[in-house]
């Protein structure tokens, strides 16, 4: 109820604060018999971890995951999987001012009014540090989806501030600190970010995530639509302010004759739908865009109020990502994986016996 | 599990097909003691019902709601509220071709693969006819939110196809068939829609929904964020392909110094956040945009396949909205009301004892 | 949240009051493709309906069920199934006293304090009339379990007041108004009930329910144990005060060497466990006993208080079952069916891929 | 879904195996602002922990709990509380035979068929070791219920094997290893257990749990009845085979005139109902009995089969409780506390505004 559990059949229940002793989660619903090691999870955590370039926060966290349960002799047992990540770099400093004031654009003011108490150290529970937990859980979902159905989930940065990043190749995404699918644009992105940092400002980003090889038929038709659950999970990522499936907001100005993907025996003629129709996967690529707002923590002096309602000026110093969108790619991939895995299991529950002889046409034809 | 129940504490469980005997729902979790009559619900249903202008479907449905339970001597009793709407205009005709083929842009193909059986009459369960049920349930939520907290939820069309509709006044929204907040633009919208219909095509729309007077502190901070639940519920509306909170996708190109709303003793200096920070309401207006794709049912001949995988050409005739976005405004309002009511109850459960002396600053200052 | 939905994957969401216009429910999660007609449901409703002998309430309700959705051309479609039963015999009379006082042993006093309002006509929502809805939903679960897995669910009265009823044959259960599995004892039961009625009193009963052919492996091991869900659903039946699985309370005085069923290649050597070990079905018969308290509505004068807290004397006249346990058998069967179906679907979700070569040994050997 | 989460609004999500590195849980939904320390939890864990007398298992586990999150400066923050207990005494030995055979009365056979894989070390996930986690979570619920509503939850052993234990005083419960409320009977219980151990056998027990000062009005009326949730949670305890509320199975032979508690201005005249009517608390003591079966692990040779279906003889050696009922009292208290806390929060969500002037009459009059 209190918003720390995700999913219905494949669930992640998360705990932990930015500067507490540890973060972690319980992953429940993983089918038995899948090979799983800490390394399988670590590889995804390392993609998200801080301190890997000058363009992200300089907090040093190894984000070393420990599997506490649910795996026996290298295989999942079907019981709940406890994951633990100790916090190691909770640099002690004076929180005095932050504890009495509300940082603009942050959850400080809302937490305070909701709970009447808040762990102000590094944002406490509202810190994006919690997203490491999702990446860890998402690694399990990704692995199962890949092994069981061949589903591949990948993301990239499609826009950084005003700079649109043309997609060139998946191969480039891992070669730069931005998850940009384009080698040529990297110098421009680096200069851009250096300028932002110099201005003690931050900037937004757009991330695109794609799931390939999703079978046709996953998702519910009315209220737990696959696209609705994707939107839910994406908007559950810190700093996300918008979600699009397929054509997204472009569809507002489209005609039906343009938007509605024709079907042919050789495949769909287009993928404006983004792989989902009527809340159910079509078998085409699932394509999702998210808008990540600029980091709220900036070092410029800004207006705010304190706990007594008095006007104050404050700048947020410390170690912060100048663009939280940069590290959002593995998080968004994880959230898409968690959503798909939940629906894969739902589908088995209800429709395990369904046999349809109609050919499943491939995704978008060339 | 199968996607016919919405909400955690205030729930709507829906049933019914486009051409079956009835649609309806069970609304559970409404606090006891609120005055409620069928008229309270009917007034909202009438705003959504078909056949009210030449720009919407000509199906004639009075959408008369019957309250079957949960209300005694004019007041809610705290028990579940059964709502029933009989279908009256299921015009009988030959469904032959539709039963064997898949309409482009529709859920036909995905339903078929998921279930191996489908009620093809008028789209069956995937028909937007089901949204009447949400409007009915939403009317109950709207009433409670208004009476208990003074929350006002209103929506309008902010774009029709390529035509952006400048907001002028809430007063105009009820005076035209488009829910447009602007009297001067109506002739242009009418001409535009007449042309679309003449071309046997359809078009998308953008709807904006606003909730005023929402208290600060509603929403969960990590996974059931208020904005995530809004995104979920909006994307659960048929034909919606994108959701934005506040600045939405505009935030991609914003700087932190521009996006992050400053706080002053007189109120927030801006509302780029759209009334939600860290998943929790700020007390400012909650502002949501949704992209509604063009209607999939168009009378132009298009390519598709039949159940055996053979190529066919098909046009979708019958009575259809040339822009499903037109009737989406009351539906989007209902979905926002259902989301907020659920979180209002969640908040009472966990935080009933919280007392904070910090002033709750008003929304955006002039 | 408010206690009108049962189940996780196969759900029943119920509405309706004893003297309102109708009762009904939404059944969600039924797999597609199963033949289903109103008659399939009616046959179970007729077993529970009132007025069939002098030993049950004389209220005349045909309990005619209407299927409003979810079935197309005689088969389930996988979408939600709306069921409606109109109330026809809400005999109008003076409720004056009942509306101001609290009947001993009834929910009147607790409802009043919980909700501050109550529909006092015939007990409103707390009436056992609601159980018709469960029997209707249970009929769907029973049918699916039977067709898909060969599961047979049957119950009988094993004790009426002080009279223990020895099990002789399933064949007798349908031949008498008590659901007693023993022809010879019927005259004694009839005399007993006649005496109870003459004394204007009521009496309790014990019901035994058995599920045969349940596959090994259904149920969760820690918190949603199959036996826990059975206990939950049985205790959710009006007037039930106790639940036993297998040896039940007899196990308190047993030794481990006596209670723990040995396994042999030919089958289990006994079934003290009642078909469930570690929360998971063993493949043996699932055996459940429930204690049904005596009807609270009796015509003797008893002490109570009114809404102002004043002492009153009151007798509950009207049409009441002198032993609510008599009609409890089909209800208990329905609740067991709903529980098993939910777990059947859960099992498919998580363990669909499991293949074990160990022989599944049969139930109790002769 | 997979049965490792308990509760709706106050939830416990558990992980961990008997011989894995740790057990633990995430507690979600605790209201903010309550003082909480590891000591508050430890005091309850120490009541359950093994090795405290010769009548329980000799496994040595300090069961030291670590709070990982959700508490800041000594107070709950309203965010999820991570609890961790490291396993320290996983004595390494040869599991060879246990890994290939199924212990009678254990979950071995059912786990194996469900999952196709099992952590056989000490029973893995099915071990009663997991109940430490519930006691830890229950300590939080107990504390909140006590501080917020004055609710007191206590249990005792009311029967050991054939020996009924007359209730004399709560004061005695903490003075003996059996949780027996009777000093004089202790020598008899000790002799009895010594004899059982000598016979290499085990025995069952009956536990009674009582909650005092529960306000009237908690619980849902139809499907999530307070008594149903209690039955669910009690039957979720390892080895429990029966649950009674109030008169329980005694009500089968009762008359309505005997069972139905009269109300008087001075209080209820009796408490046959066990504090719950119509699924809702009456304000009287909530009284629950549970039947705990004899421990399945006994050192006598018994018949079983191995993974290939061959007959084997096996005795379960190692460190086991000769009566699992002995340590069940704090577990049952915890489960009752968790149930009541969940319903306390539910009640606030829906009925926060209800004001009734009818006096709340006290529990049973003298």
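The backbone N, Cα and C atoms fix where each Cβ goes, glycine too.
Automatic, uncurated: that is what TrEMBL annotation is.
Under DSSP, residue D:48 (NADP(+) binding site) is assigned to a helix (H, G or I) in the three-state scheme. Look at TrEMBL and you will find D:48, D:54 tagged as NADP(+) binding site.
As annotated by TrEMBL, FMN binding site applies to D:125, D:126, D:127, D:238, D:239, D:278, D:293, D:294, D:295, D:296, D:297, D:319. Take the CB of residue D:239 (FMN binding site) and look out to 10 A: across all protein chains shown you find 23 other CB atoms.
The most densely surrounded of the binding-site residues D:54, D:125 is D:125 (count of other Cβ atoms within 10 A of its Cβ). Cα-Cα distance from residue D:125 (FMN binding site) to residue D:48 (NADP(+) binding site): 18 Å (rounded to the nearest whole number). Highest Cβ count within 10 Å among the binding-site residues D:127, D:295, D:297: D:295. A count of other CB atoms within 10 A of each Cβ picks out D:293 as the most crowded of the binding-site residues D:48, D:293.
Proximity to chain A (CB-CB distance below 8 Å) holds for D:125 among the binding-site residues D:48, D:125, D:127. Proximity to chain C (Cβ-Cβ under 8 A) holds for D:125 out of the binding-site residues D:48, D:54, D:125, D:127. Among D:125, D:126, D:127, D:238, D:239, D:278, D:293, D:294, D:295, D:296, D:297, D:319, the residues given in the record as binding FMN, the maximal Cα to Cα distance rounds to 44 Å.
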